[in-house]
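According to TrEMBL, the features are:
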DOMAIN    85-246  domain 'CP-type G'
DOMAIN    94-244  domain 'EngC GTPase'
BINDING   Asn134, Lys135, Thr136, Asp137, Gly188, His189, Ser190, Gly191, Val192, Gly193, Lys194, Ser195, Thr196  GTP binding site
BINDING   Cys270, Cys275, His277, Cys283  Zn(2+) binding site
Amino acid sequence: MEKGLVIKSTGSWYTVESKSGKIFDCKIKGNFRIKGIKSTNPVAVGDFVDFKTLPNSSETDAQNIGLITAISERKNYIARRSPNLSKQSHIIAANIDQAILIATINYPITTTTFIDRYLASAEAYRIPVLLVFNKTDRYDDKQTAELKEYIRIYKNIGYKCLATSAENRVGIEELKQAIANKTNVINGHSGVGKSTLINLIQPDLNIKTKQISDVHKTGKHTTTYSTLYKLDSGGYIIDTPGIKGFGMLDMEAWEISHYFPEIFKLSEKCQYNNCSHTHEPGCAVKQAVEKGEVAPSRFISYLGLLESDDKYRPAF
């Protein structure tokens, strides 16, 4: 029996790096499930696993074949609602030190709703987030002003933010420093420049990139499977396929405010302990929104998550 780290997941096969640095193509043993976690992918990139080596199989040309028999207890993981099965989760990555969301004001547009859903999920899994606003070289004056407002909002809440331009090499050194010696997972819509930024951080990877559609202003998938790469600066970065939307997992209405730090902090000042911040008198959160102390976009995102399952928990 050997121990290793899952560095790539293709759905049916998992690439595992052993402690000695040897690479194995592995499958999972039988109906493999982790107690308490209902997911479409029981094994995720970033998992530490036990596996045993097998004789070479006709299913693959690889020389090193293995069978995963156990998963070590996870420090954490980040998940979203499965794109195919709305009642199950899809684990994006496991054992993460930092989640990086790449967002763009345009080319393509990343909405505050998407950003806030991602942040709420990361809060639920207690994973620190770095917000990276990319493609700053392509923004006009209005979009640049919008970018500054986004950064002001999220920094005031307590999130780390960077503005980058892969084209002009702006913010790249700051990004390198921010991810060094950490296990990072990088997410965002297709076309926001995830792979391009990774190539600038670690040029020898030479990950494929594509231009976005000039007609629809949307990206094309270049990363098909989640893959973990080792960084020369120390640590790892997990590149993931672009996601159109972030389907939230089931949350009780009362706990949603816990994942919006500024709303949760204000809720202790509300007249009622069980205030939903929607209609109750003496609501400190609504008062703060009216005074401009809580960003309207954040409050709208919060209210969206209080809506019915059909509205705020779609499968994308």
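A Cβ is built for glycine as well, from the same backbone N, Cα and C atoms used for every other residue.
Sequence features annotated in TrEMBL and their locations in the structure.
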residue	record	Cβ contacts under 8 Å, 6 or more apart
Asn134	GTP binding site	Ile102, Ala103, Thr104, Thr164, Ser165, Ala166, Val192, Gly193, Leu197
Thr136	GTP binding site	Thr144, Leu147, Ala163, Thr164, Ser165, Asn168, Val170, Gly171
Gly188	GTP binding site	Leu101, Ile102, Ala103, Thr104, Thr110, Lys194, Gly242, Ile243
Cys275	Zn(2+) binding site	Ser267, Gly282, Cys283, Val285
His277	Zn(2+) binding site	Ser257, Ile263, Ser267, Cys270, Cys283, Val285, Lys286, Phe299, Tyr302
Specify the count of other C-beta atoms within 10 Å of the C-beta of Cys283 (Zn(2+) binding site). 20
Just to be sure I understand the packing, how many Cβ atoms besides its own are within 10 Å of the Cβ of Thr196 (GTP binding site)? 19
For Cys270 (Zn(2+) binding site), what is the tally of other C-beta atoms lying within 10 angstroms of its C-beta? 20
Additional residues surrounding Zn(2+), by Cβ distance to the Cys270, Cys275, His277, Cys283 centre under 8 Å: Leu266, Ser267, Gln271, Tyr272, Ser276, Thr278, Glu280, Gly282, Ala284, Val285, Lys286
I'd like the number of other C-beta atoms within 10 A of the C-beta of Val192 (GTP binding site), please. 26
Among the binding-site residues Ser190, Lys194, the one whose Cβ has the most other Cβ atoms within 10 Å is Lys194
Over the domain 'CP-type G' (85-246) the mean pLDDT stands at 89
